[in-house]
Amino acid sequence: MYDVQEWKHVFKLDPNKELSDRALEKICESGTDAVMIGGTDGVTLENVLDLMVRVRRYSVPCVLEVSTLDSVTPGFDLYFIPTVLNASDPKWITGLHHDAVKEHGDLMNWEEIMAEGYCIVNPDCKAARLTQAKTELSKDDIIAYARMSERLFHLPVFYLEYSGMYGDPAVVQAVGQELSKTVFFYGGGITSKQRAEEMAERADVIVVGNLLYENLNEALKTIL
Ligand code: 1GP
């Protein structure tokens, strides 16, 4: 079994973006704790399968972060299911989840499935637009979502998502101090080793996405 509690670093790959075999090898052999496959648009069964098969050549744990039911396929080590706590469209809080469990609940292997309490902060990211997230959040609003995740809903993961934008270290620090059982993932705007260090001091797990496609060598330095 994979112990997410032990993780410190995750690379997130977008199935809708190109990566050479050489780049993928460097990513999978980098020493990261997991490779997560997930994205907001253009995610299809075909491109998810293609990337999964390529990542599977390496021993790194491979996680699917589910955003559309159509692209769910067996073969991943773990399935992360976001529930967007600050979405206005209930589809992204419990809607798709209900559809999936109703349709496939008998066959689901619950040991491989982990819910993530998501809080999306960057109003300009695609996920915020898709879920119609209420992103005008104060530090107290964000802390409340973190507390709901751990104390009310007992979610295994709280994911503070700044995707494409670097978060406020003071907010990340405050959230980190709230969570003890729920694993705290931070993602967004990590573009250097220095930023990786700053957020890794405050969150349990840092997630690096875009930088893999913009500057792979710099991305590899975010593993501390
Ligand atoms: C995106 O949180 C991840 O879902 C990582 O964000 O792409 O900004 O690194 P970046």
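Yeah, the Cβs are placed from backbone N, Cα and C, and that goes for glycine too.
Remember, TrEMBL labels are computer predictions, not curated facts.
Summary of the site annotation: TrEMBL records sn-glycerol 1-phosphate binding at Y159, L160, E161, Y162, S163, G164, G189, G209, N210. Screening the candidates K12, K17 against this entry identifies K12 as the one listed for that site.
Residues near G164 (sn-glycerol 1-phosphate binding site) in space but far in sequence (CB under 8 A, at least 6 apart, same chain), listed by position: N122, D124, C125, G188, G189, N210. The Cβ of L160 (sn-glycerol 1-phosphate binding site) has 26 other Cβ atoms within 10 Å, all protein chains considered. Closeness to ligand 1 is met by G164, G209, these being the binding-site residues among D14, G164, G209 whose Cβ falls under 6 Å from the molecule.
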